[in-house]
Amino acid sequence: MSVASTSSGFTPFSRRRGPLDPLFAEVDRALRVLSGAASSARPYPASAAEPVPPLSDQQKRHAAGLMRVNHVGEVCAQALYRGQAAACREAPVRELLLHAAAEEVDHLAWCGRRLEELGSRPSLLNPLWYAGSFTLGVLASCAGTARNLGFMAETERQVEAHLDGHLRSLPEADQRSRQIVSQMKDDEAQHRASAERAGGVPLPAPVRGAMRAMSRLMTSTAYWI
């Protein structure tokens, strides 16, 4: 006996979306991020770098530490924006968050590739960073649309400052890493501006200070581990 669709196009075993599907989708997304499966939609910025003399071992270690920090930042960005979007009830805001997360995938892939070029690896604590950031994103979204967008804007503002510091600290000879960080900084500025235009409000000073403290903890740990 065979089972066939009717002339109306009805499929008797078509799958209906269940209440746990969004959860399964987020778990799948997390596994893809943490497994290093991300691929960029845009060209690799480092490809445009001029050939330079080889880096010394010390320069490579320092550059790898900084790029590992940047990679952790992109893991956190994926989790943060997915968490914010998951709890957001405003469709336009949710789309803005998901669009930013999609662009950050490029950054994730670029940092991962550069770490490989430098003979290094991502942070061993990435699962912890992801889980914490996703939870933080959900909490930010529960604070309301204006604060949710304000959190996005403040996050990007602090990331811009952090990337500025990396541009000052990276070896001048490491033009490949510098090209990547420069492009990332430009993208973060656009994300911040988008959040502000969409209605993001400034966060209270204690919240901004707590965000900076958490960022310092993450960066100082990820540089080594």
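Backbone N, Cα and C atoms are what each Cβ position is placed from, and that goes for glycine too.
Features as listed in Swiss-Prot:
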BINDING   GLU74, GLU104, HIS107, GLU188  Fe cation 1 binding site
BINDING   GLU104, GLU156, GLU188, HIS191  Fe cation 2 binding site
COMPBIAS  1-11  compositional bias 'Polar residues'
COMPBIAS  184-195  compositional bias 'Basic and acidic residues'
REGION    1-20  region 'Disordered'
REGION    181-203  region 'Disordered'
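Everything Swiss-Prot records as a feature, shown here on the structure.
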residue : record                   : Cβ neighbours (10 Å)
GLU74   : Fe cation 1 binding site : 23
GLU104  : Fe cation 1 binding site : 25
HIS107  : Fe cation 1 binding site : 26
GLU156  : Fe cation 2 binding site : 23
GLU188  : Fe cation 1 binding site : 25
HIS191  : Fe cation 2 binding site : 25
Sorted by sequence, non-GLU104, GLU156, GLU188, HIS191 residues with Cβ within 8 Å of centre, Fe cation 2: ALA77, ALA100, GLU103, MET152, THR155, VAL159, ASP187, ALA189, GLN190, ARG192
Inter-residue Cα distance where the pair is HIS107 (Fe cation 1 binding site) and GLU156 (Fe cation 2 binding site), in Å: 13
Summary of DSSP states over the compositional bias 'Basic and acidic residues' (184-195), given as helix, strand and coil counts: 12 helix, 0 strand, 0 coil
Coarse DSSP state, helix versus strand versus coil, of GLU104 (Fe cation 1 binding site): helix
Inter-residue Cα distance where the pair is HIS107 (Fe cation 1 binding site) and HIS191 (Fe cation 2 binding site), in Å: 13
